[in-house]
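K.L.:
From TrEMBL, for reference:
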SIGNAL    1-20  signal peptide
DOMAIN    59-171  domain 'Epoxide hydrolase N-terminal'
ACT_SITE  D237  active site, nucleophile
ACT_SITE  Y383  active site, proton donor
ACT_SITE  H440  active site, proton acceptor
Amino acid sequence: MSNVFVRFLIGGLALLVAVGYKNYRDLAAPGKRPDLDNNAYWGPKLGKQIYKENKAILPYDITVNPEVIADLKSQLSRPLKLQEPLEGVGFEYGFNANELRQVVKYWRDTYLTNWSEREQYLKKLDHFQTEIQGLKIHFIHAKPSKEAGKQGKKVLPLLLMHGWPGTVREFYDFIPLLTTPSDKSDYVFEVIAPSLPGYGWSQGSSKTGFGVAQVAVVMRNLMLRLGFEKFLVQGGDWGSLIGSNVAGLFPENVLGYHSNMCGNNSPMGNLKLVLSFVFPSWFVDGQFAHFYRGAGGLFKTIMEEMGYAHIQATKPDTVGNALIDNPIGLASYILEKFSTWTNPAFMALPDGGLTKRFTYDQLLDNVMIYYVTNSITTSMRLYSESMNKAQSSLAVDSVPITAKTGCTRFAHEIAHTPDAILANKFPNLVHSTYFEDGGHFPAFELPEQLYADFTAFVQKADL
């Protein structure tokens, strides 16, 4: 009888091992590229008209109607009715009302008084617009200086993408570094920095189902429209996710992928993430252990910092209706992220540490782009269209990125992913770095450090 029990036990264990191994193989199996319509139309309803894409690439004038500025100044001049913050509280409850008064005062009395200077600053890079899949897409096109050719530098095209609540304004100090020859790099870059669809001067989709995968198609088609069959991709936040989708869906077009927010949301990536909470030493290099906060830290971040994502993924129009044509509310909602996401320690400060890394002019430039284009609602819809079952069913996260990849981590980023968890998503990870400073907006906050890391990646990739 005991022999029979032993046989059953061994047989049961063998079956469990076999099932576990099969499930592991299924999880580890690379996903297949979904069959997306690369010409899908996302513009307004046409009626009986047949859509014919206007392929012209035209200079775009970002001049703001003076009446809009006058009306904004009038709104900012109304008596402020703000709730006083709790005693001893900084930004722990959100944007501190005392600091908001200072922002509004500067915005009204200094920034708008000098609006012509700010507008000229925003115009210092070349702006263009073209139509892709029914959407008018705005982009900055910055070409290398003539010195690059004289110095024998190799020129590579780069698709550079922002996220939320950012805009192309994040890149104004970063782009000149990329296009100017440096003794520290053999490369210079021809930069295409689009406003994501629904952000800033780019038109938002009129139809549902326009998530990160579909945006990736539009971004790739933009690069093809401009004559770039092969190009590099760099991004953070949504720019990272859209960029990884571009690289996964169109490996034939992507020379390399670099991000300051690499992640792996594949089934195997999520399994490894859970295991890393139990066995951190299996996944995390000890010298960088302080970058990773474990299950408790992740839960704390979700509870304290991800509420905005939940509401934007479920009711973006409700929030948008409250913020559109409401400049003070808009500034409060956007600028709070430039405090806590730059360094969570700033949350304890009465002014949120806003001017420790940025100037009011920089921050208000970014807010103004949302305000004058009325794009806050359409920008937030990307959450709703990307965080749903339809988008997950495409399983783009399971498609390995074969292009050479570089991942960098700035200390105060919202979350980090170690190389061991990234491995199945990025099998060609050739560059992985850590910085003991910086947060979620490195191109805006620490452009020289991001430039150094990006060019180091390109050098290693030997493109």
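The count begins at 1 with the first shown residue.
Using N, Cα and C of the backbone, Cβ positions are placed for all residues, glycine too.
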K.L.:
So what sits near Y383 (active site, proton donor) in its own chain, CB-to-CB under 8 Å and at least six residues off in sequence?
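P.N.:
The list for Y383 (active site, proton donor) reads W164, A309, Q312, A313, P316, given in order along the sequence.
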K.L.:
By a simple count, how many Cβ atoms lie within 10 Å of the Cβ of the residue listed as 'active site, proton acceptor', its own Cβ left out?
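P.N.:
The residue listed as 'active site, proton acceptor': 22 neighbouring Cβ atoms within 10 Å.
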K.L.:
Measuring Cα to Cα, how far is the residue listed as 'active site, nucleophile' from the residue listed as 'active site, proton acceptor' in Å?
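P.N.:
Between the Cα atoms of the residue listed as 'active site, nucleophile' and the residue listed as 'active site, proton acceptor', the distance comes to 8 Å.
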K.L.:
How many of the residues that make up the domain 'Epoxide hydrolase N-terminal' (59-171) does DSSP mark as helix, as strand and as coil?
P.N.:
43 helix, 23 strand, 47 coil
K.L.:
So how many other Cβ atoms are close to the residue listed as 'active site, nucleophile', meaning within 10 Å of its Cβ?
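P.N.:
Its Cβ has 24 other Cβ atoms within 10 Å.
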